[in-house]
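The annotation compositional bias 'Low complexity' is assigned in Swiss-Prot to 1-16. Look at Swiss-Prot and you will find 17-36 tagged as compositional bias 'Basic and acidic residues'. Marked as compositional bias 'Polar residues' by Swiss-Prot: 121-134. As annotated by Swiss-Prot, compositional bias 'Acidic residues' applies to 154-163. Taken from Swiss-Prot, the feature domain 'ELM2' covers 174-272. Here Swiss-Prot flags 277-329 as domain 'SANT'. Marked as phosphoserine by Swiss-Prot on the basis of similarity to another entry: Ser52, Ser53, Ser114, Ser156, Ser165, Ser168. Residues annotated as phosphothreonine in Swiss-Prot, with similarity to another entry given as evidence: Thr163. Swiss-Prot lists 1-60, 113-170 with the feature region 'Disordered'.
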Amino acid sequence: MAEASFGSSSPVGSLSSEDHDFDPTAEMLVHDYDDERTLEEEEMMDEGKNFSSEIEDLEKEGTMPLEDLLAFYGYEPTIPAVANSSANSSPSELADELPDMTLDKEEIAKDLLSGDDEETQSSADDLTPSVTSHETSDFFPRPLRSNTTCDGDKESEVEDVETDSGNSPEDLRKEIMIGLQYQAEIPPYLGEYAGNEKVYENEDQLLWCPDVVLESKVKEYLVETSLRTGNEKIMDRISAGTHTRDNEQALYELLKCNHNIKEAIERYCCNGKASQEGMTAWTEEECRSFEHALMLFGKDFHLIQKNKVRTRTVAECVAFYYMWKKSERYDYFAQQTRFGKKRYNHHPGVTDYMDRLVDETEALGGTVNASALTSNRPEPIPDQQLNILNSFTASDLTALTNSVATVCDPTDVNCLDDSFPPLGSTPRGQVNHVPVVTEELLTLPSNGESDCFNLFETGFYHSELNPMNMCSEESERPAKRLKMGIAVPESFMNEVSVNNLGVDFENHTHHITSAKMAVSVADFGSLSASETNGFISAHALHQHAALHSE
C-alpha cells in the first residue's frame, strides 16, 4: 500500500498510525542539509521494490471523490453540507469551501523535536511546508490545529487573564471625568468643633472680598489709583494694553471704605504718598552687611534680617534684594564672588557636582595664575644697563672662555663632579654678582649630528646650570654639570657683546648658536681692568674646566 511506501521513504510518513515515530538526529536538522550517504543508502534499499503498484494506487486515489478518499484513510466527513454537495462540485471548489487548515508549524516542530530540544535548533519552516487539509490527510490521521483556532485560543487566554485579575475591558478604559456630576459635594460649615479638636483662637482679618463689586469696576479702580500715585511701571503696563496687576493695599482700602470707590481712592492716595515718603535709603554699612549675609545665608531673608541687617524688616530686605539685583553694585558683587553660581553652597540637595568643580577650578586657576605672573614678572632693566649689555664684543667673550678652559680626561667619568671645593685663597675684590631671575636647561643634541649647545628659549640663566647631556660617542656616560659664576667689572662690560661663543670641552669645540643672552645687572662699581683676574679665575679639578664663584 501507499502507506507503507510513504512510511519507509519519507520522514513525514513516520507519523502514520502503522509506523513508529521517527526522531531525526541533530546532524540532519541543525545544518539544514541532506546527508548524501543517507540518500544513497535509501536508494540501495529501494532498488528491489516495484513502484508500479504505488503509481497505480495514486492514480486511483486521484480520481476518487473526496469523501471516499477521507473514508478510505479513516476520516469521517465533519461538515455534512460539504458531503452532501460533493457530488455536484469539483474537488477544487471543495478545497475552497473547506476551512483554513494550515498546519501550526511550531506545534509540528515541538512534536518532532521533543526529545532533542537542547541539541537541535531548527525552525518549523525548514521541516514542513504550508499545506491544506486535503493534502495532509494522507500523512496525518489525527486532527491538527489551524491558525484561526490558535488565534482564538490566544484571545481567550487574554480574556481569562483579565477576568482573573478582576478588571473587565470596560473597567480598564480611561475616561476623563469632567462635569458637574463628578464634582465633590462639600457640606456646609456648621461652625462647631468636635470634642477632640482645638478651638482656633487667633483673630483673622479680612483683606478683600471679590464678590461684592464687579470685576470691571475693580479694574477701573486699580487703574485710577495707579494714575493718581504716579506708579510708572503700572502706567507703562496700562499704555501697553496688558492686564492690570492687583494692588493689595488698594484693594484693602476699598474693603475698609465699604466698597466706596471715590473714598477708597482718596484714602489710598494719602496713605500711598506717606508710605513712599517713609521709605529711607539704605546706608553703605547696611548694603555691605546685606551682601555679606547673602554670602553666608543665601536667600534666607529671615536669617539675613536676624543676624546682619537688624535695622530693616524682612519685607524691606526682600524689596531691596530685587532693586539691588538691577544695580551695578550687584554686577560687581557677582563678579567678585560668583554669587550667581554658588546656589549649591546654600542648597546641599543639589547634585550638580560638575558645575561646582568647574567653578572651583576656575577660581583656583585665576588665583594661581595671578600669583605666578606677579612672582615671575622680571623687573624692568634700565636703559643704562641695556647699553652696557649691548657693548659686548665677540673677541672679549672668546678671550674670556679660552683663558679659563682646560683639558678634561675623557676616561675619568667623575671628572665633572657636583662637589666643587670652595676657592679659599683666590684673591677677590669688591664685586656685584649678576642677579638670577630664572633657570633654563642647556641640552646637547642626542643624535650626534652637530657638536653644539642649543638654547631653546630666551631668558635669564642661573649661574649653576642644570644637568646637560654632552655630545660624545659614549652615549651611556652619566650627565655632568658645569658650574659657572661670572663677576664682571664695568670696564669689561662696556666693551663686550655677544655674537658667537665657542667653548672647548673634552677636546670638542662646542658652539652656542641661536642664543640670546640677557644679564640683569643691578649695579657695577668703579673697577679697573687690572682687577679682572680677581673676579674671573679658573679652578682645575681632575684636569677639567670648571668655573666656580661664590
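Every residue, even glycine, has its Cβ placed from backbone N, Cα and C.
What you are looking at is a predicted structure, and each value in this text was computed from that prediction instead of being measured.
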Model confidence over the domain 'ELM2' (174-272) (mean pLDDT, whole number): 80
Helix, strand and coil counts within the domain 'SANT' (277-329) (DSSP): 37 helix, 0 strand, 16 coil
Structural state of Ser53 (phosphoserine), classified by DSSP into three states: helix
